[in-house]
Amino acid sequence: MSQAPETRPSPPSVYHERQRLELCAVHALNNVLQQQLFSQEAADEICKRLAPDSRLNPHRSLLGTGNYDVNVIMAALQGLGLAAVWWDRRRSLSQLALPQVLGLILNLPSPVSLGLLSLPLRRRHWVALRQVDGVYYNLDSKLRAPEALGGEDGVRTFLAAALAQGLCEVLLVVTKEVEEAGCWLRTD
């Protein structure tokens, strides 16, 4: 009697944009939302709304290649009825109510290099973390593919390591209701 071949569940489809120009904020937004909702043009339009009378827009690179600041990310999320909540690094990560959080966007120091030559400069880089089918992923646009972090313990370990480096900022992406109720924070 022959047995049926073993079937394995297919891995989840995880949306992941790769780095282009200085568009890491756009990539982080799309990666955390798991679809392409924003483009460089949309981010530039947000910049214009944030500083309508400014010749040199303070919310993006002077070269027009991106490098958007946190105000652009927050305005983009607000336009979708979402909110970005700053995580206070003094809090224990055990207080983070991950089931209430849609995703996370981190701002990390990133080394600058010219080809193989590493320069003694640091730029800022936006990175998205998101849960898909019960697994959290690092969706850094500089990675070739999403990096599985595991469950809640895995993402907390990743966050602890990033925060320990010192210059990391963490934004929680939540619904307006979660923001208003403050239920992204465990009180027990």
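Each residue's number is its place along the chain shown, starting with 1.
Using the three backbone atoms N, Cα and C, a Cβ is placed for every residue, glycine included.
For 11-188, the entry in TrEMBL reads domain 'Josephin'. Taken from TrEMBL, the feature active site applies to Cys24, His125, Asp140.
Most Cβ neighbours within 10 Å, among the active-site residues His125, Asp140: Asp140 holds that distinction in the structure as shown. Between the C-alpha atoms of Cys24 (active site) and His125 (active site), the distance comes to 6 Å. Separating the Cα atoms of His125 (active site) and Asp140 (active site) is a whole-number distance of 9 Å.
Mean pLDDT, taken over the domain 'Josephin' (11-188), works out to 85 on the 0 to 100 scale.
Its own atom aside, the Cβ of Cys24 (active site) has 28 Cβ atoms within 10 angstroms in the protein chains shown.
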